[in-house]
Amino acid sequence: MSPYAMSMLMSSLAMGTIITLSSSHWFLAWMGLEINTLAIIPLMTKMHHPRATESATKYFLTQATASALLLFSAAMNAWMTGEWTIVNMNSYIPTTILTIALAIKLGIAPFHPWLPDVLQGLDMMTCLILSTWQKLAPMALLMLTSHQLNTSLLTLMALASAIIGGWGALNQTQMRKIMAYSSIAHLGWMTLVISFAPGLALLNLTIYLMMTSSMFVMLMALNATNMNKLSISWLKTPTLAASMMTGLLSLGGLPPLSGFLPKWLILQEMTKHHLGALSAVMALSALLSLFFYLRLSYMISMTSPPNISNANLAWRKKNNLSLINPILIVLSTMLMPITPMLLM
């Protein structure tokens, strides 16, 4: 793709998200989401492969449905209340339609099946954009309207996302599908706490963005798209493989890594609201996710691939990492010491 076209598309992506984040009017927010969707579709189809075309088509149809539902809920709310402001959603039917529209946009269960299929057909850089940047605008709208949305519906969707996100990745071997199910599970945790403490949901989103970004950057550096390629990464780049193992454990939420921090604070918040049973089910669903992260960590660190070469020395890949890599790795694994500051 031409650098000029790429810069234009990336600018449009940034502009769409910024328009949605800074708007107080539903029409402007919808317009930002549409610019976002239209800007990423050429990035999806730049590989000129039938699988990429299929992913772009699925993404476009899903996002168009979600945008139509969002505009319909905003118009219905304006018809009932006479206002187009985002924070004024008081009627039951518009808020329910809005919740479903944003769940489709984000890939929250039970509206999740498009996400693994779409990610599997894309290159790693587009997967990174889709898993991180494209979540910002819908999540911002969800946070802005969280105090008016149906808490029971959000809790049910959060529970389904956490369970399906853990369950769906158990039999996957493709890294992009595993990261898609990881995204679904993390979105479940954010959706769960968003009605009770939007600040905690924002913290969870920030840490999720850092962990996912570092994981995709490492996968791009290793050129690993499936578990078999991941298993030979230790021979090529031992330092990066060790960092990836730590990042995977952080995604799983093991202490004392960064990924444990949001889960701990969310479970604490849930028990404060006397939702002990729900907290227990969410903690058990986190064990499902932890299992496949541990399986990947085991593949990276403790398995050796069949060696068909007679040479004793393994070929080492030249280290071509940028400065952003170590920063992301440190942020995605070593944020636990800031917990007292957050609690205060």
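Each Cβ is built from the backbone N, Cα and C atoms, and glycine gets one as well.
Residues or ranges marked as domain 'NADH:quinone oxidoreductase/Mrp antiporter transmembrane' by TrEMBL: 23-288.
Positions annotated as domain 'NADH dehydrogenase subunit 2 C-terminal' by TrEMBL: 290-343.
As annotated by TrEMBL, transmembrane segment applies to 12-38 (among others). Listed by sequence, the residues of this chain that lie at least six past the ends of the transmembrane segment (12-38) yet keep a Cβ under 8 A from its Cβ atoms are 59-60, 63-64, 67, 70-71, 74, 77-78, 84-87, 105, 129, 133-134, 136-138, 140-141.
Summarising the annotation, TrEMBL assigns transmembrane segment to 59-80 (among others).
What TrEMBL records for 92-115 (among others) is transmembrane segment.
Taken from TrEMBL, the feature transmembrane segment covers 152-171 (among others).
Summarising the annotation, TrEMBL assigns transmembrane segment to 178-197 (among others).
Under the heading transmembrane segment, TrEMBL lists 203-222 (among others). Within the chain, the transmembrane segment (203-222) has long-range Cβ neighbours (under 8 A, six or more residues past its boundaries) at 124-125, 127-128, 131-132, 135, 139, 175, 179, 182-183, 186, 189-190, 193, 229-230, 233, 236-237, 240-241, 243-244, 247-248, 250-251, 258-259, 261-262, 265-266, 317, 320-321, 324-325, 328-329, 331-332, 335, 342.
What TrEMBL lists as transmembrane segment is 234-254 (among others).
According to TrEMBL, the feature transmembrane segment maps to 274-294 (among others).
Counting same-chain residues at least six beyond the ends of the transmembrane segment (323-343), those with a Cβ under 8 angstroms from any Cβ of the stretch are 203, 207, 210-211, 213-215, 217-218, 221, 243, 246-247, 250, 255-261, 264-265. Annotated transmembrane segment per TrEMBL: 323-343 (among others), in sequence order.
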Below 8 angstroms Cβ to Cβ, which residues of this chain, lying six or more residues outside the transmembrane segment (92-115), approach it? 33, 58-59, 62-63, 65-67, 69-70, 72-74, 76-77, 80, 135, 138-139, 141-142, 145, 148-150, 153-154, 157-158, 160-161, 163-165, 180, 183-184, 187-188, 191
Cβ contacts under 8 Å made by the transmembrane segment (178-197) with residues that lie 6+ beyond its boundaries: 103, 106-109, 112, 115-116, 118-120, 127, 131, 135, 139, 142-143, 146-147, 149, 151, 154-155, 157-166, 168-169, 172, 204-205, 208, 212, 215-216, 251, 262-263, 266, 269-270, 273, 278, 282, 285-286, 289, 292-293, 296
Model confidence for the domain 'NADH dehydrogenase subunit 2 C-terminal' (290-343), as mean pLDDT, reads 72
